[in-house]
């Protein structure tokens, strides 16, 4: 693959007038290899070289009036775009900012900023429980371990270095006094690039926030092209932040504002353009995936399969519940955060033998930046188009109340129809791990998906809700056995019972049928 990329880049160079000597270096990074050296050589990764020349689809689009610049204009996009993106995504090391996470081991020191009072204090959790979740995130990555944890109080978590001078110095002394520490996980939503840089310089180790740790758990668990594309899109803010830091460092050395190869562009402008082109390609590819999803969704609608989306906090037992409801032995649930990153569909039957589609979704997590969730918006679109939602909760988890609030907050931001939210069934899973809770709400059911407790009641409630939400009715129809009526009903409805009346060659058929299908039946056979 590397030789192919090199040859393509070199061929392009033949038609380009270079004012600087270009030293080709085989790097996967978009910008980490870009260095202007004192000898005048400019080191550029091959993927970047390819973007400079007129053979790039980016420049072809600009030549022809920019009609390709709109992501929604899928009919004008050549398959070259998707092939290019898939080629770059074949290796998981998509960016230098996060590549080091997945290479080798890390001995992590978890630091949790504890806000004692004020609007920033978490009212639904405790510092100890939040540290426990942070540790679970660390253990989700291979060869990562937790060396120690520390809860450090802070009055101003939004300040530049999170902590006051005294606490920050204490923290610095602790980290430097333990050479076995190779990384610090600061348990906050997102650190600015400047804060991250200053902390790394002060402590001498890598510093991660929840965004980078969760993003790399996603990368480790991503197996499909769609998941990798979504993660590549979510990585772009990190790439841009690192670019600012690197450019600032080069400016101090007098190289950041130097024009490159006589192109009239500075280093920063080149990198910004490369990142923009990368973003365009990824979004184009995701639009293609989205179009395929819409096609599948349309086919389901034509066949009138009810769609039931299973959602909930990460590791709440969603996949285990789907396995229990469908009997699909091919499903292999894992006791792991973010084990599911792709939406998968699974056929099942309700007690009335009506076929339905259960949709397994990505798990939610508290304190995730909006743009990380937004990168998976195409995946979550299946939730919006559901006929019924089932919210699975790990009722045995000490933070189950906070987890519920986090899930409901995300659902609210998705802009779901209010009727879909009002009819959502809440499933309190893992009751085998605690004393049986007492439910007072009709829409709340207690189950153990692993051991099968409460599943029959759940199936009945799901059936009732689906019948109501999809406008299905139980109808008894008299059919002529010599006509195609019965075979039509088997195809277009859910046949419950057939009572043959041999004396007149007819049968009474009890079916579950939608209003639209019943209208078609009457039009065909009741003239």
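Glycine residues also receive a Cβ, built from the backbone N, Cα and C atoms like all the rest.
Noted in Swiss-Prot for the protein shown:
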- 312-319, 338-342, 360-363, 429-432, 448-450: GTP binding site (BINDING)
- 319, 340: Mg(2+) binding site (BINDING)
- 306-470: domain 'Hflx-type G' (DOMAIN)
Give me the count of other Cβ atoms within 10 A of the Cβ belonging to residue 319 (Mg(2+) binding site). 24
Round to a whole number and give the Cα-to-Cα distance in Å for the pair residue 448 (GTP binding site) and residue 319 (Mg(2+) binding site). 13
Between the Cα atoms of residue 319 (Mg(2+) binding site) and residue 362 (GTP binding site), what distance do you get, rounded to the nearest Å? 10
Need the DSSP three-state call for residue 362 (GTP binding site) to compare against my parser. coil
Tally every other Cβ atom lying within 10 Å of the Cβ atom of residue 315 (GTP binding site). 22
Average pLDDT across the domain 'Hflx-type G' (306-470), rounded to a whole number: 85
Neighbour count, 10 Å Cβ-Cβ cut-off, for residue 362 (GTP binding site): what number do you get? 23
Go through 318, 430, our binding-site residues, and report the one whose Cβ sees the most other Cβ atoms within 10 Å. 318
